[in-house]
Amino acid sequence: MSFFSRAQSTAVRIAKPADEEDAVKQPTPRKDSVQRQCRNIVIYGHCRYQDKGCVYYHPPAEDSLPPQPSSPSPRVDSPAIATITTQALNAPVFVPKFAAANTTTPAESNPTSPVPQSQNSGSQPTTVEEMQYQYETQNGYQDQGDGEYVEGQSYEQEHQEYGQHDYPGYQGYDYQVDQAGNVLQGMELTDPNYYEEYHPHDMMDASYYNAAPVFLRQPLNYLLYTPFTPAEQVRNPQATHFVPSSTDLRQALQERSETARTVNLVDLGLPEELQGYHTLVPIEPVNVAAADRKKFGNWYSTVYRAVRTSDGGAHCLRKVENFRLSHQAAFAPIETWSQIHHPSIVWVREAFTTRSFNDNSLVVSYAYHPNSKTLYDAHMKPKPLPIPTYQQSVYYGRHQPRNHLSNQPQQQWIEERTLWSYIVQIASAIKAVHERGLAVRIIDATKIIVTGKNRVRISSCGIFDVLLFGTPQPDLATLQQEDLLKFGRLIFALCSGNLNAATPANLQKSVEAMKKVYGVEVQALALFLCSSKIKKSIDEVLDMIRPKILQEQDEALMATDRLENELMGELENARLFRLMCKFGFINERPEFARDARWSETGDRYIIKLFRDYVFHQVDEHGNPVLDLSHVLTCLNKLDAGTDEKLMLVARDEQSCLVVSYKDIKSCVSNAFDDLVRATTAMQSGKDARVI
Ligand SMILES: Nc1ncnc2c1ncn2[C@@H]1O[C@H](COP(=O)(O)OP(=O)(O)OP(=O)(O)O)[C@@H](O)[C@H]1O
C-alpha cells in the first residue's frame with residue numbers, strides 16, 4: 001500500500017482488521033522452534049544461553065547480525081521493488097455495490113486501477129494486511145482468531161526469559177514493534193520522484209485528469225483551488241480612499257458583525273415584539289434626563305436596532321414619541337422613499353404607528369449600518385484629551401497650570417480630500433431625491449452618518465414627510481431650494497466645526513476660518529449654496545464640482561478593484577470545510593458498512609484513525625477533548641501535506657501507526673478519487689468500477 005511504502009515509519013504492528021476474511025489467508029505451519037533464530041541474537045547480538053540449553057538457532061558469528069526480516073516486500077534497493085507499480089501498492093480492491101453487479105473492467109483497461117485482490121494471491125502482496133500477514137506467517141505468527149497474532153511460544157514467556165538479562169537500554173523493548181518497523185522501513189521508497197509519479201497532480205486534479213473524457217462540473221470543480229491574483233495585477237493593494245488596508249478592513253467588519261449581535265444586558269422595558277420586529281436594542285443612550293434630550297423637529301426620537309422577523313436581518317428603527325397619525329395617506333411618501341436605492345441614502349424600508357411603547361409612536365424602519373457615527377460625532381464633537389500618564393501629570397503639574405489637563409474643545413479639521421468626498425456624495429444623493437420629486441428636508445451633521453472609510457449616507461429620510469403631513473408646507477421647489485441652503489450650511493459647519501457656523505452672526509468669521517484651511521472652490525461652493533437670493537438647482541452644483549466628481553469616480557472604481565482582490569483572498573476560506581466534506585464522504589459510508597475492505601483497510605483505515613485523532617481525543621480521565629485549535633492545526637497541516645509525523649492509535653489501543661500528514665493527505669486523495677471515479681463513471685453511463 002502506498003501509504004506504508006512512503007512512510008519513514010517507526011510504526012508498530014498493525015492489528016489485523018477484525019472482519020478480514022481469514023479464509024483467504026491460510027497461515028503457514030509454524031516453524032519448528034529449533035530452526036528459529038534466537039531473539040537474543042536478533043536483539044542483543046549474542047545469547048548468553050547459547051550453550052546453556054537455549055533451544056533456538058544460533059547462527060555462526062559472521063551471521064549473527066540481526067537479520068532483515070523476510071519482508072513481504074523487498075527493500076528499496078531490491079530490484080524487485082523498482083518494479084512494484086503504484087497500483088500494486090495501492091489500497092485493496094473496492095467495487096461499489098451499484099457497479100459491481102453489472103460491470104467488470106479489466107485492470108489493463110484502466111491504467112490507474114490496481115489489480116483486483118483476487119488476482120494478487122501470488123507472492124506479491126498488495127495491501128497492508130497482505131504484507132503484514134505474509135511477514136507474520138513467515139515469522140511464525142499464527143492467528144488466534146481474535147485478530148491478534150502471537151507466536152507459538154508466548155511473547156510474555158520469552159520476555160521473562162530475556163528479562164533475566166539486565167540490559168537497561170532495552171527495557172520495554174518490543175520485538176514485534178521493532179520487527180514491524182523494520183518491515184515498514186524495508187518498504188520505504190526513497191526515490192524522490194516517486195511521490196510525484198504517484199500523484200502527478202493535486203489530489204483533486206488527479207481525479208479530474210484521470211477521468212475519462214467526461215467534463216462534469218460537479219462536484220469536482222467546487223473542490224478545486226482558486227489561484228491568487230498576482231500582486232502586480234492589483235493596482236493598489238494598500239488602503240485606498242474608500243477601502244482601508246486589509247487588516248483594518250477585517251477589523252472593521254469584525255467589529256460591525258459583533259455590534260450587530262449585541263443584546264441588552266438589562267431589561268429596558270422594551271416591547272418584545274413590534275409589528276414584525278423583535279430583539280430591540282437602543283443604538284443611542286436611553287434614560288437620558290429630559291433636559292439633555294435633543295429634539296427631532298418638535299418631537300423626541302430614539303433609534304433602535306431590531307431584527308425583522310420576516311428576513312432575520314437587523315434594521316434600524318427610529319421611534320418618534322407622541323405622534324398621532326392624522327391620516328393613512330401620510331405614509332404615501334414612505335412608499336416613494338423606499339424605492340430610492342442610493343449609496344448615499346440610508347434605505348427607507350417601511351413606517352408604522354404603534355402603542356407598544358405605551359404611547360402613540362411613529363416608527364420608521366431603515367437599513368442598519370452597524371458602528372456608524374453621525375458626521376457631528378465623527379468630526380465636530382469636541383474630543384477629550386487623552387488621560388495623561390503619571391509622568392505627564394507630574395510634569396504638567398510643575399510647569400503648566402492644571403487646567404491644561406481639562407477637556408478643552410478641540411477644533412478638528414476635516415481633510416479637504418475627505419470634505420470633497422462628502423460633498424460629492426451628498427450632492428449625488430440630493431440629485432437622486434430631487435429627481436424623484438421629493439426633497440431631502442433633513443441635511444444636517446447630526447443626521448448624516450459615516451458608515452465606512454470616507455463614506456456618508458443621509459439618514460432619517462422620509463420621516464418629516466410623515467410628521468408634517470397635513471400641515472401647511474412650502475411647495476416642492478421651495479423645499480428643494482432649502483435642501484441646497486442646508487447643504488451650504490453643512491459645508492460651513494464641517495469646515496469650522498460649528499453647527500451654527502452659517503448663521504448671519506457667525507458667517508463672516510466662518511468664511512475667514514475656511515480660507516485659512518481650504519481651497520477657494522470649497523468657499524465658492526459654500527457661499528453659492530448659502531446665498532438665498534440666487535435660485536439654484538442641484539445640476540448647477542454638480543457642474544461646479546465636476547472635477548471632484550471624476551476624482552470620486554476613479555476612487556470608487558479603485559475601491560471596487562481592491563474589494564474584488566480582497567474577495568479573491570477569501571475564496572479559499574472553505575479549504576478546511578472541503579477537507580471536512582471529504583472526510584464526510586469517505587468515512588463510514590453506510591453502503592460499504594459491511595465491506596471491511598472499504599472502511600477497515602488501506603487508505604480508509606488510516607483516514608478513520610486520523611479522524612479519531614483529530615476529533616475523538618480524550619484526556620487522561622477519558623473525558624472528550626473539544627479543542628478547536630487542535631482540530632484546526634491538524635486540518636491545516638493535512639491540507640498542506642506537511643512532512644510532520646503523528647501517531648495514530650487503533651481504537652482497541654493494541655496497535656499504532658506513525659505517519660506523516662503528507663501520507664494521510666495522499667490517503668484522503670486516493671479514497672476521494674475512488675469515489676469521484678465511481679461518480680463520474682455512473683453519471684456518464686460508463687463502467688462504474690472503481691479502483
Ligand atoms: N441607519 C442607521 N444604522 C445604524 N445606526 C444609525 C442609523 N441611523 C442612525 N444611527 C445611529 O444612531 C445614533 C443616533 O442617531 P441620531 O440621528 O439620533 O443622532 P444623534 O447624534 O443622537 O442626534 P441628535 O443629537 O440630534 O439626537 C447615532 O449614533 C447614529 O450613528
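Placement of Cβ uses the backbone N, Cα and C atoms for every residue, glycine included.
TrEMBL entries are annotated by machine, without manual review.
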Seminar exercise, completed: coiled coil per TrEMBL, picked from 196-234, 313-351, 469-507, 547-585, is residues 547-585
Exercise. Which value does the mean pLDDT take for the domain 'Pan3 C-terminal knob' (538-675) in this predicted structure?
Worked result: 88
Seminar exercise, completed: Neighbouring CB atoms within 10 angstroms of the CB of LYS447 (ATP binding site), all protein chains considered, total 20
Problem set entry | Output field, ATP shell: CB within 8 Å of site CB centroid, site ARG318, THR446, LYS447 dropped | PHE296, SER301, VAL303, THR374, ILE442, ASP444, SER459, SER460
Seminar exercise, completed: Simplified DSSP label at THR446 (ATP binding site) comes out coil
Exercise. What is the number of other Cβ atoms found within 10 Å of the Cβ of ARG318 (ATP binding site)?
Worked result: 20
